[in-house]
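According to TrEMBL, the protein carries these features:
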- 7-28: transmembrane segment (TRANSMEM)
- 40-60: transmembrane segment (TRANSMEM)
- 72-92: transmembrane segment (TRANSMEM)
- 104-124: transmembrane segment (TRANSMEM)
- 145-171: transmembrane segment (TRANSMEM)
- 183-203: transmembrane segment (TRANSMEM)
- 210-228: transmembrane segment (TRANSMEM)
- 240-257: transmembrane segment (TRANSMEM)
Amino acid sequence: MPNPFNLIITLFATTLGAISGIGGGIIIKPIYDAFSTLDVSTISFMSGCTVLSMSIISLLKVKNSGIKLDKFKSSILAIGAAIGGIFGKTLFQTIKLYMENDKFIGSIQSFILILMTVYVFWFVKNKSKIAAKNIQNTVITSGIGFFLGMISSFLGIGGGPVNIAILSYFFNLNSKEATINSIYIIFFSQATNLLTTFITRTVPIYNSNTLLLMISGGIFGGLIGSSLVKKLSNHEIDKIFLYVLTLILFISSYNFTKFTFLSN
């Protein structure tokens, strides 16, 4: 994939990720799976670095935005997500070592993404009819964080739409609140995931110039997206979110077909 496209794709993905709270990796990874020749591990690593840069900038930008962030509850979620991120990374490495087949792993990841996206699309379309919870139990809260961190780390997406659906349902958050809380969780889970990668010396082979371009896209995407989220209404954020989900569904379906049926 030519270098300018790396910047364009990551800028586009992380801008949408910062607006909707999905991080951007869930857009970056399927696109790279579909159109690049990089292996699954390299894509996951580079996507994770990009999303981490976006989350740092977004959190700094929205610090004084007035959007609600329950630091205690969000920190419990984040700690759970960090531990879940380690578990998800270990699970990914174990399956990769056992199967020795990137296409099989890509097929599993794409299938899970399809299921997640369909569920979240249904939830967003019907959430006005669904009675949200307001979980206060610390153990349950950390367990939810663990699940979110594990699934995002295993899929190599650094977050995702399931964050928004679960945060909205279990903690009765509106779209803007769910967005910033999701990015807070993404920051901790991705930081832990990448730290685990370096500690265990499982950093894949990558092109440093490409990675720098992707991180640059993540930084600018965080700046643009976090500025826009303060100006958009909850309804407008939901509409953008649904468009993003549709895009993810199409790309993930293509990838599942490619990995499962079209690969040698």
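Cβ atoms here come from the backbone N, Cα and C positions, even for glycine.
Contact between the transmembrane segment (145-171) and the transmembrane segment (210-228) is not supported, since fewer than 3 Cβ pairs fall under 8 Å when only residues 6 or more apart in sequence are counted.
The stretch in closest packing with the transmembrane segment (72-92), judged by the count of Cβ pairs under 8 Å and taken from 104-124, 183-203, 210-228, is 183-203.
Between the transmembrane segment (210-228) and the transmembrane segment (104-124), fewer than three CB pairs separated by 6 or more residues in sequence fall under 8 Å, so the two stretches do not touch. The transmembrane segment (40-60) is in contact with the transmembrane segment (183-203), judged by 3+ CB-CB distances under 8 Å for residue pairs 6 or more apart in sequence.
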